[in-house]
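What TrEMBL records for this protein:
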type	residues	note
SIGNAL	1-19	signal peptide
DISULFID	25-40	disulfide bond
DOMAIN	54-200	domain 'Cupin type-1'
BINDING	102, 104, 109, 148	Mn(2+) binding site
BINDING	104, 109	oxalate binding site
């Protein structure tokens, strides 16, 4: 009786575990993006191309105010990473190019310098600063949600590959959050201790109003 019962329990667990296994969930980008990710594409329509991304081979356009470009390979560009807890991006920095102070609320970032020299750092929740100048082959971690930045050296064009612990890491750039919207200048002044003239100048540069 007992051996038969054990065999029955084992069989049920084996079937249940196999039923729960899912090799992948290529994103169906035509559906909504939910907190748990996109719904899965019909497996019968999944092809090898869903697991290949070629966008990181080409340099981004750094002709902008920050002299930097980020080429993402997040779930929206690379549906194959959906549900896998990983994504990537390419960072191109012209000389003195900068990715301003920003956060990724949904992921830890791992940066690897593949060309040039990048000064990078982050600020902990205790307001301790961790900064290092990274050369080719060096790497650095930026923990989830913490403010961090990257800056290329004078006269040096730099490139880095960055990897994230989420298919959709999210992004908020502090400068644009403060000065690139319609938050009234008096409120910005009261909450940042900056004078209104400086705030209006920054709003004009970053496209804000108010």
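Quick reminder: no glycine exception, Cβ is built from N, Cα and C everywhere.
Predicted, not measured: the structure shown is a model, and the values here were computed from it.
Known features from TrEMBL, placed on the structure.
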residue	record	Cβ neighbours (10 Å)
25	disulfide bond	20
40	disulfide bond	17
102	Mn(2+) binding site	18
104	Mn(2+) binding site	22
109	Mn(2+) binding site	24
148	Mn(2+) binding site	22
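Other residues of the same chain near the Mn(2+) site, with their Cβ within 8 Å of the Cβ centroid of 102, 104, 109, 148, are 103, 122, 142, 146, 147, 169, 171. Cα spacing between residue 102 (Mn(2+) binding site) and residue 40 (disulfide bond): 31 Å, rounded to the nearest whole number. Residue counts for the domain 'Cupin type-1' (54-200) under DSSP (helix as H, G, I; strand as E, B; rest coil) come to 25 helix, 58 strand, 64 coil. Here the CA atom of residue 104 (Mn(2+) binding site) lies 23 Å from the CA atom of residue 25 (disulfide bond).
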